[in-house]
Amino acid sequence: MSCLMVERCGEILFENPEQNVKCVCMLGDVRLRGQTGVPAERRGSYPFIDFRPLNNTTHSGEIGTKKKVKRLLSFQRYFHASRLLRGIVPQAPLHLLDEDYLGQARHMLSKVGMWDFDIFLFDRLTNVMVQEDYHSQNPYHNAVHAADVTQAMHCYLKEPKLASFLTPLDIMLGLLAAAAHDVDHPGVNQPFLIKTNHHLANLYQNMSVLENHHWRSTIGMLRESRLLAHLPKEMTQDIEQQLGSLILATDINRQNEFLARLRTHLHNKDLRLEDGRDRHFMLQIALKCADICNPCRVWEMSKQWSERVCEEFYRQGDLEQKFELEISPLCNQQKDSIPSIQIGFMTYIVEPLFREWARFTGNSTLSENMLSHLAHNKAQWKSLLPKPHRGGSGGGGGPDLAGQGAEKEEQTGTRGDTP
């Protein structure tokens, strides 16, 4: 650890002086600096927003205890540098899987390349731990989401139009970026960090704040684990930069930028996947698709993801209301319904990207399957809109909340998160 400088801090407050707002945030290790290359952040550096005052239940202690027990399954305990620095060494081996479930988990993993892979069942069997600093308190941005995105990325990397050109390094970068793309996510979005004058918003000058943090935290983990220590310094730095380029591409603010570039390539038919730059661009597109693919899953799974992300939105809205902040778009449970949010998200964000992805793949079987699920799920959400507000074919029905939700989603594609 001679080449590393670690700064630690404990509990802080975020403050909004103009509105006299204070809220307790928890900070772990803040910065990890190497001698060369990309500045890194220690995992655990992102403030955990404590929602317990907003959601007190009689069973919260019991639930917390169960989660702590489950977290002991993580093999990351062996490599958690801050614990090792404090001299805490595991006294007994830890196991990722309970023996009772090992056979079922292996059977599920044999089907990990299938689009109907049930990540929720896999989580129940194995207590998915992609990395221990994905926060299980988050309804959506947690380890299960990371595992789901990684599984989707695995499927996309097998697409014939792409797979034959990929190098082993491309595959490693794609899967690693998918697994780490939201690490240490606090469950609130970029606008929330900006308006509370959070230190990370200042550090990254209000640009791709979360994505920059995810990337730098990933670099910190790689350096702590020494996973790439055997590689030449130049190659390690290149890997770190490529990981950053992939993770930063998931910023929803850049959706139109990537979509326009993809359309231009497909129109001009000038993608040359033998070229490393074009391959990297398609890895960025694949990761963007994987990150927002929930509406393209089967209804039973897609609906769960929709409910989870909206719960996370609503928690942020409750927090903003509690501290007299302006409630962010899509975060007001009284005004923003799940069906209207999802219909808008599908119409303005998901459909345009996945239609271009289907063009790239030559309308592969997987692409057609995803678009079919997307159309079905959109129809399902439309059927769940409150009856007085449905835009029915009969010519009446009052204002179309789906349209309002879609318009809002288009306007707030910059909200910093994705449903």
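Glycine is no exception: its Cβ is also placed from the backbone N, Cα and C atoms.
Feature list (source: TrEMBL):
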type	residues	note
ACT_SITE	His141	active site, proton donor
BINDING	His141, Asn142, Ala143, Val144, His145, Asp182, Asp291, Gln342	AMP binding site
BINDING	His145, His181, Asp182, Asp291	Zn(2+) 1 binding site
BINDING	Asp182	Zn(2+) 2 binding site
COMPBIAS	391-400	compositional bias 'Gly residues'
COMPBIAS	406-419	compositional bias 'Basic and acidic residues'
DOMAIN	129-388	domain 'PDEase'
REGION	384-419	region 'Disordered'
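Fewest other C-beta atoms within 10 Å: among the binding-site residues Asp182, Asp291, that description fits Asp291. A gap of 10 Å separates the Cα atoms of His181 (Zn(2+) 1 binding site) and His145 (AMP binding site).
Cα of Gln342 (AMP binding site) to Cα of His141 (active site, proton donor): a span of 17 Å. Excluding His145, His181, Asp182, Asp291, which define the Zn(2+) 1 site, the same chain contributes His141, Ala146, Val149, Ala178, His185, Thr250 within 8 Å (Cβ to the Cβ centroid), listed in sequence order. Non-local contacts of His145 (AMP binding site) by the CB criterion (under 8 A, 6+ apart in sequence, same chain) comprise Tyr134, Asp182, Trp305.
Neighbours of Val144 (AMP binding site), defined as other CB atoms within 10 A of its CB across all chains, total 24.
When every Cα pair among His141, Asn142, Ala143, Val144, His145, Asp182, Asp291, Gln342 is compared, the largest distance found for this AMP site is 22 Å. For the recorded positions His141, His181, the largest tally of other C-beta atoms within 10 A is found at His181. For the binding-site residues Asn142, Gln342, counting C-beta atoms within 10 A of each C-beta gives the highest total at Gln342.
Mean pLDDT across the domain 'PDEase' (129-388) comes to 96 in this model.
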